């Protein structure tokens with residue numbers, strides 16, 4: 001099979017038309033035979049263990065089960081590549097085509113798509129401008145709906161009728177002297193399909209815009225919601241009636257495999273059971289329609305087909321959940337793609353990527369805000385290509401093999417080269433779940449011992465991280481553009497404000513707040529140290545470090561700078577014989593000469609507050 005490579009910018013998910021679904025699965029063989037429709041519920045033959053033709057694992061539709069071998073065995077080996085066997089109709093190709101070739105089931109009666117009926121909000125109910133309960137009553141054959149009131153005076157468009165009401169109207173229509181004409185009533189998904197087909201989206205949108213101008217409150221909000229849905233349908237070119245399915249795609253068989261266990265039994269994907277229910281009910285309905293069975297029996301079979309398709313698309317969304325062995329609910333298509341273990345989050349978004357690592361985070365109190373501590377063991381693995389390149393460029397080694405051996409030996413030269421490599425090379429840190437853009441930020445790595453990533457405590461609120469065992473992923477931006485982008489846009493020190501609220505997201509919390517409080521707190525129960533005077537801040541800190549002073553003890557320390565303590569009270573004044581004065585305030589003592597010039601000033605503080613203030617001043621100065 002040729003390797004297909006195609007560049008694309010985005011993936012668009014939209015409604016598929018019945019023609020598009022058939023196009024996915026239909027192929028024309030060289031003999032003119034059209035294949036693709038799955039008509040039988042069988043999977044594999046219990047005697048030959050080969051897939052049944054036109055069944056859920058059919059080789060004619062999905063491709064051969066074995067590489068380069070047709071179903072009947074007439075053609076084997078790669079030399080027959082591309083030949084379609086005239087006996088069994090199977091194309092001789094690789095078996096991996098069974099991973100992407102699709103089939104389809106043509107339904108004997110339309111059914112609604114449960115996502116659009118029972119989703120929140122219900123797009124079907126919004127488009128039809130009907131309550132969801134009424135739409136459900138129609139879909140599940142509990143009520144009739146008026147498709148065309150004709151000239152009946154008591155009927156209106158989209159009016160719901162019970163069985164008895166419809167029978168009375170029917171009798172009235174078929175009376176010999178009846179003048180009623182053009183009355184049309186429907187039930188089930190066919191009626192919903194007709195109502196959706198009758199919608200003129202452009203006219204509805206224009207009318208809604210007029211109504212919105214003249215309405216307010218709850219009614220206006222409802223009209224805007226409906227207009228938004230209609231505008232989306234117009235913009236995407238999707239037709240509302242496509243929400244009612246007439247064809248169901250059958251996903252490739254290798255994505256819903258059937259494998260033989262040791263005891264001879266088979267394990268199969270739940271999807272096969274759900275598809276089998278749909279095919280059985282669809283075939284039975286087609287047979288009942290052929291033999292012109294009574295309407296009540298046909299209607300019941302249509303309802304059962306609707307429920308089977310609902311279970312296939314989203315088991316348990318409406319009605320009873322379909323269960324398999326051991327009363328375990330069967331996994332439907334929705335269950336496979338939704339949630340943490342689903343296809344998107346587990347296999348597409350959650351892929352393992354190269355140049356990435358993962359480890360537990362611990363607090364790094366000595367780091368600057370734009371730095372993170374990266375374990376040496378992790379750094380040498382992540383930056384290995386860069387290290388090897390530099391080793392060869394500096395002619396320390398001659399080739400890649402020698403460089404790798406040097407790394408494996410933990411040669412001391414390696415760490416010097418690694419230091420050079422990581423200098424100025426930012427790394428990205430990500431903590432799942434990444435709920436906003438600050439869930440991934442860039443940091444300058446600092447090599448640390450141990451096996452844990454060190455993180456600055458200030459960036460924790462942005463990541464919603466704490467240090468009780470949280471893990472974070474590290475990614476290395478490779479290209480110059482990626483590195484520049486990481487440095488300019490994603491560096492932690494450039495993301496101080498929350499993009500959502502505009503308020504600071506880098507705020508001190510937990511240990512930092514507690515530390516600041518502890519340093520600046522008072523302790524009135526301590527012995528009185530207020531008779532101690534110190535010449536400067538350094539003397540106070542030295543006395544504390546030598547154990548002569550507690551952290552929270554009040555002392556007097558000389559400070560000749562300006563003090564703004566907000567104290568407006570009158571000081572207690574003591575005048576000396578030489579004319580000098582001592583002015584005693586609550587938190588400072590000022591000595592002046594006879595001319596009122598200040599000689600000295602002492603302020604009342606604690607060693608803790610001095611340490612706190614010095615730390616702040618040093619940080620501001622740097």
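Just so it is clear, glycine is given a Cβ too, placed from its N, Cα and C backbone atoms.
Model, not experiment: these values are computed from the prediction.
As recorded in Swiss-Prot:
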BINDING   70, 72, 85, 88  Zn(2+) binding site
BINDING   466, 468, 470  Mg(2+) binding site
Number of Cβ atoms other than its own within 10 Å, given for residue 70 (Zn(2+) binding site): 24
List of residues, in chain order, with Cβ under 8 A from that of residue 72 (Zn(2+) binding site) and at least 6 apart: 85, 87, 88, 90
Pairwise Cα distance for residue 468 (Mg(2+) binding site)/residue 70 (Zn(2+) binding site) [Å, integer]: 59
Cβ-based isolation winner (fewest other Cβ atoms within 10 Å) among the binding-site residues 85, 88: 88
Remaining residues near the recorded Mg(2+) site, that is with C-beta within 8 Å of the centroid of the site residues 466, 468, 470: 361, 465, 467, 469
Distant-in-sequence Cβ neighbours of residue 466 (Mg(2+) binding site), under 8 Å, six or more positions away: 460, 510
Position of peak Cβ density within 10 Å, selected from the binding-site residues 468, 470: 470
Env. residues of Zn(2+) site, Cβ within 8 Å of mean position of 70, 72, 85, 88 Cβ: 71, 73, 74, 75, 87, 89, 90
Residue pair residue 470 (Mg(2+) binding site), residue 70 (Zn(2+) binding site) - Cα distance, angstrom, rounded: 54
